[in-house]
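Undergrad: First the structure, which I've put down as structure tokens, then a few questions once you've had a look.
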């Protein structure tokens with residue numbers, strides 16, 4: 001057998017041949033590298049447990065006999081755990097990824113497990129300890145996210161943006177998966193929601209055990225000689241499968257047969273999460289068949305980007321010419337440099353008035369549906385709808401990578417600004433929706449907010465990596481999301497105050513109902529003022545994102561030049 005030759009130019013090192021020969025060892029190396037991405041997808045898909053809060057919040061409120069404001073503080077406590085999310089960035093620097101993974105699973109097991117014992121009346125837990133458990137559960141989510149970020153950056157350096165967008169997308173389907181799991185165990189018409197908390201505590205631990213072998217893969221042991229376009233082809237297949245999964249999860253809101261068979265529907269979702277393991281093998285077979293018909297020379301991929309090295313050299317050259325040591329966008333940013341950057345604060349406010357406000361809306365979705373006289377099953381359908389469209393929005397966040405050459409005038413921050421537009425539109429629809437079309441408009445607004453916030457959540461990781469340094473993304477991203485607990489407290493207090501005020505207003509007997517000592521507000525006025533405030537604040541976020549786009553466009557032009 002003749003060994004394929006490699007064409008090189010003067011001054012260049014010979015390129016490593018593409019792994020086209022169908023050898024068992026090479027196949028296993030190629031496949032194991034992609035199992036890391038699949039493991040990260042599993043982790044994200046089952047650890048977005050904060051998104052199903054509205055599915056059991058009404059029962060939690062009734063069980064503990066608390067007001068809407070105190071219930072919102074529980075959501076705030078969960079988000080407050082994210083204020084300590086930066087600790088995961090430091091933990092990953094000193095401990096193996098597997099240790100951080102199981103530390104996150106342990107925190108989630110305790111945080112949600114104790115809450116389940118409380119709502120199931122096994123133990124009587126004081127309100128203050130419930131808040132502590134909520135914070136611990138919220139912190140576990142940040143640690144899981146950091147594990148996934150690091151796995152993507154270490155194993156897919158050239159296409160880390162595609163990997164991050166894809167993996168973070170699956171965090172949006174957690175609520176839909178847990179709703180299917182709840183229906184498969186308890187039945188579709190079951191009124192008990194304590195199963196959510198039990199699943200929230202156990203499933204992430206089980207998934208961590210299943211993902212352990214891929215997580216232990218050394219990036220240097222993987223097949224690093226593969227070409228970038230071979231990776232992109234697999235990423236395209238993964239995104240197509242993700243879209244299929246998204247639409248499959250929307251079946252409960254349709255009249256499909258699977259929607260009436262929760263167990264089969266749930267098993268189908270699990271199959272769709274397992275099938276990506278086959279995609280790299282199928283791609284390898286496809287390339288092996290092509291190699292049999294190709295010439296004896298391997299083609300050098302001149303488009304393979306080495307962005308980090310090129311950008312670093314470019315910055316060093318420019319800084320030397322300018323005679324300064326100023327850190328600019330795209331360089332690695334320390335904490336001090338980050339908080340002194342105007343672009344970071346524009347980014348921070350845009351996220352605060354975009355993705356965070358969408359998250360708070362999802363936390364209040366159960367009470368919003370209840371106030372508009374929606375049934376319990378309709379409320380669960382809204383949670384699934386929000387989750388599915390959040391997933392779709394996260395998938396769309398990879399658009400800048402696939403349209404980079406066709407839409408070069410739109411940078412990643414430009415897409416970010418566009419993604420914030422549906423949110424104010426949705427809130428104004430909610431505020432002024434007529435009673436005749438209230439249910440349909442509620443579904444439309446929920447889908448729009450889910451789509452917008454999902455895009456923001458996924459795109460933010462890549463934007464943070466591009467603007468403030470790829471190697472520091474684990475810490476910098478967790479600094480960015482400190483706006484989530486602040487926004488949760490601010491927006492939640494606003495919503496809870498308006499809700500409780502309207503529930504206790506005299507002269508409106510229909511707006512006040514008692515359910516185990518918990519006051520329930522019924523009527524469109526329960527959230528009218530809240531929707532108006534949230535709508536105007538989301539407009540502010542859109543304006544900040546526009547300024548960020550204008551200021552950062554040169555950065556992306558420089559990044560694009562260094563790809564050539």
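Cβ coordinates are placed from backbone N, Cα and C, and glycine is handled just like the others.
TrEMBL labels come from automatic prediction, so no person has curated them.
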Undergrad: In TrEMBL, which of the ranges 92-114, 299-321, 368-390 has the transmembrane segment annotation?
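TA: Going through 92-114, 299-321, 368-390 one by one, TrEMBL flags 92-114 as transmembrane segment.
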Undergrad: If you count Cβ pairs under 8 Å, which stretch among 92-114, 162-180, 195-213, 409-432 touches the transmembrane segment (234-251) the most?
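TA: Top-ranked stretch among 92-114, 162-180, 195-213, 409-432: 162-180.
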Undergrad: Within the same chain, where does the transmembrane segment (409-432) have neighbours whose Cβ lies under 8 angstroms from its own Cβ atoms, ignoring anything closer than 6 residues to its ends? I mean 6 or more beyond.
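TA: 350, 353-354, 357-358, 393, 396-397, 399-400, 403, 441-442, 444-446, 448-449, 451-453, 455-456, 459-460, 462-463, 466-467, 527-528, 531-532, 534-536, 538-539, 541-542, 545-546, 548-549, 552-553, 555-556.
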Undergrad: With Cβ-Cβ distances below 8 Å as the criterion, list the same-chain residues six or more beyond the ends of the transmembrane segment (531-550) that contact it, or say none.
TA: 343, 346-347, 349-354, 357, 361, 411, 413-414, 416-417, 420-421, 423-424, 427-428, 430-431, 491, 494
Undergrad: Three or more CB pairs closer than 8 Å, sequence separation of 6 or more: does that hold for the transmembrane segment (162-180) against the transmembrane segment (444-468)?
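TA: When sequence-distant Cβ pairs are counted, the transmembrane segment (444-468) touches the transmembrane segment (162-180), since at least 3 lie under 8 Å.
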Undergrad: Tell me, roughly as an integer, the mean pLDDT over the domain 'Nodulin-like' (33-281).
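TA: It averages 82.
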